[in-house]
Amino acid sequence: IAKEVAKLLEMKAQLGGDEGKHKFVLKTPKGTRDYSPKQMAIRERVFNAIVACFKRHGAEVIDTPVFELKETLTGKYGEDSKLIYDLKDQGGELLSLRYDLTVPFARYLAMNKITNIKRYHIAKVYRRDNPAMTRGRYREFYQCDFDIAGQFDPMIPDAECLKIVHEILSDLQLGDFLVKVNDRRVLDGMFAVCGVPDSKFRTICSSVDKLDKMPWEEVRSEMVGEKGLSPEAADRIGEYVRLHGGLDLIERLLQDPKLSQNQLAKEGLGDMKLLFEYLTLFGITGKISFDLSLARGLDYYTGVIFEAVLLQQENDHVEEPASVGSVAGGGRYDGLVGMFDPKGRKVPCVGVSIGIERIFSILEQRVEASEEKIRTTETQVLVASAQKKLLEERLKLISELWDAGIKAEVLYKKNPKLLNQLQYCEDTGIPLVAIVGEQELKDGVVKLRVVATREEVNVRRESLVEEIRMRTSQP
């Protein structure tokens, strides 16, 4: 043996030691994560609720490639364009990973000459952002989008998008929320009457967009110091962006001596008034606030914009509840499809995106805190046996159950102990055990055991499927 070992050591020395070997790092790339079965069970619950709502509103589903031609995405996102992931050229085309689902949707409409569709799309998007994983900000994440494309009477589809946000957030029981609504035309009109030059509209817009994260003083100094806006113009903007309310505020602004002189602002406020009338009919105005500080940084919005935030009640004597962050957003983008159409044909669109990652991190924390037991499988029954040499019978029975559409499992052992089989059900939350034994086989029955109560009944083999269905159907 010593001789052989010496020989092997000599060979190893010739092959070179471990020094040059690169140590393999096991981690997910920055800004991404894996999801365990438990986490996926929570995610599926959320996705199912969202899809059910989209379908309730009559939406079809589409899918598009995860990467697009780079030029498709360029110039659509304003200051956020630097966050687009470019891919190395792999075959003559310059490609980028999709940044959202809206631009691919617009490209799809223009390419297929579609002028009318109500669709949803749930898929992963990519942003070369600085991730803040704890707050649900990633470089790879899901978006759940619902959009209505087509020429319709004003504000009816827009109101439906807000109703959808209201339904989903109420359904998921995330706590108190508020949907802030504004209009790009009101913003642009406001900038004009405050003395912002046309060329600075978009960049000042992205400063205003930071008001939910920064105090007005900081935003003002960014506008004046970094973006070269006159202090007077900034102060005038300051007077408007602190306003929020409902129909009464819209009425007041329609009478505002400066704003009412601006055609754009007037149109926007007129549509806002109509929108709030429809939202009153839907009975949801209690959760909606017309907010002049809402800007949403994306370049392609042309009309109504909105954002839903969750409110945190820390204690009862706080005047204004603090916002936890945005969980849904969207708006009207009537010019985007025209950017792709060779003839510049416009397809008006309005849509909403549900921020699934942030919703998920809230629900995940809640499940952790409550120590609620979450089932990660949907198995209805375990096929078990109490005696040895019954593997064939177990396999025969489970095959019958599978063919009948019953979710069933069997332990992968020839002769498992009954106690281990029952313990497996306890651990995984399987509600029923179908036990085959020699006597049962003779009598043509199966012993069905309810794991929770330990009650056992003999069920005729031919009625077993029916019995399992009846006992596991959700009320």
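Every residue, even glycine, has its Cβ placed from backbone N, Cα and C.
Per TrEMBL, the features are as follows:
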- 31-363: domain 'Aminoacyl-transfer RNA synthetases class-II family profile' (DOMAIN)
- ASP100, LEU101, THR102, ARG127, GLN143, ASP147, ARG296, TYR300, TYR301: L-histidine binding site (BINDING)
Checklist entry - Given the binding-site residues THR102, GLN143, which one has the fewest other C-beta atoms within 10 angstroms of its C-beta? => result GLN143
Checklist entry - In sequence order, which residues at least six apart in the same chain have a CB under 8 Å from the CB of ASP100 (L-histidine binding site)? => result TYR77, VAL125, GLN143, ASP145, SER353
Checklist outcome for this item: ARG296 (L-histidine binding site), Cβ-centred 10 Å count of other Cβ atoms over all protein chains shown, is 22
Next on the checklist: Let's check the environment of TYR301 (L-histidine binding site): how many other CB atoms sit within 10 Å of its CB?
Outcome noted: 24
Item to check | Where the record names ASP100, LEU101, THR102, ARG127, GLN143, ASP147, ARG296, TYR300, TYR301 as binding L-histidine, the maximum Cα to Cα distance in Å | outcome: 21
